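Enquirer: Once you've had a glance at the structure underneath, I'll fire off some questions.
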């Protein structure tokens, strides 16, 4: 049978071959090779500066258009509760009693029906201005970043902005997303293959050296897959072997952000699927600390494994996120005390993302991992600052006090709100101990035995 070849088909194949060749050559020259040697051409920072100028122009256009059209959606408003000076439970109840009756306030304390209004008011205030649940939703922006997350109505305000939004959509999904997906698969693929190969070598300096280089190279490729622009501060305080690195937690990519500037031993539960494949290959080249599902709740076993690791000064520092869940990068919530009971030197690290370029927060109750990663790869960029704080050790304090001191230092450096609440409230109910604490305060006020404020003359 005679075969007929269409010249047009041959031309298409040739053009596709040339396109793929050029594509991967550009990736190799401008991204993969610089990642291997840890250098940058400054393209990402130039890209960030260009985006900032575009955002400023778009914001000015919005303000001008809103002013000209007197658009009701864009009038300035505020729904925040005006903050009051903090007062104690006793002072507030005394104020309520004073305004409600003429009874002598210095008489013997006893329960009054008006006291109920204090707890009712505090409950309503907590609902209106809940400082906990709002930490588990995306951070609000003051200006539009050409992403529909900010405000779906912004791109309807003028024709120019609509065109600009459409062009941005085309760039993000038509160019940036395919590029980033390619880089992500390249970085993860190299990590699995190369760590498995390094794992075949006998333990020693050569294996450790190659393992560190492989991890750094692969993480740097993954960082470029997010167009991450990271500024590291105070590198002289970087974690050292035999210590524990603790950081505030916003996203799963926190690991990549930190590991692209230094190697760490990861701690976590063993998973199945693709994550399990990555974990098994990584542990061949580097002594990461993985736990079986049945072992995670055994605090003594976990502490023993961590202690054994940090006692060996040849092993990498352990990376831990003590909050135990992702917070939206506006605050730091309660640190679990487990990693602070071991007695090791703690190296605090503060991570602060710039939400103007993309929302790094992972709302796990709303988005699955794949959906979240696609959102990250279709955003403009991931821009963040990382501060390495001086090492800290326990100074005659228990683990909880030490954890709070480290948390306060991280919050202060990162410009975050320091909260005492447990991040577990993201999925659970308020513990009874919090309720009991308020009950004890009220009871103490009524039956104060030290004759302070409420004792009769």
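Each residue, glycine too, has its Cβ placed from N, Cα and C.
Per TrEMBL, the feature domain 'Phospholipid/glycerol acyltransferase' maps to 243-354. Annotation source TrEMBL lists transmembrane segment at 20-43, 157-175, 181-201.
So where do these features actually land, and what's packed around them?
Expert: Over the domain 'Phospholipid/glycerol acyltransferase' (243-354), the average per-residue pLDDT in this prediction is 84.
Through the fold, the transmembrane segment (181-201) approaches residues 23, 27, 31-32, 207, 210-211, 214-215, 217-219, 221-222, 224-225, 277-278, 281-282, 284-286, 373, 377 of its own chain, all at least 6 residues removed from its boundaries and within a Cβ separation under 8 Å.
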Enquirer: When the domain 'Phospholipid/glycerol acyltransferase' (243-354) is classified with DSSP, how many of its residues are helical, how many are strand and how many are coil?
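Expert: Each residue of the domain 'Phospholipid/glycerol acyltransferase' (243-354) counted once, the result is 35 helix, 26 strand, 51 coil.
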Enquirer: Below 8 angstroms Cβ to Cβ, which residues of this chain, lying six or more residues outside the transmembrane segment (20-43), approach it?
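Expert: Counting only partners 6 or more residues beyond its ends, the transmembrane segment (20-43) has Cβ contacts under 8 Å with 179, 182-183, 186, 216-217, 220-221, 223-224.
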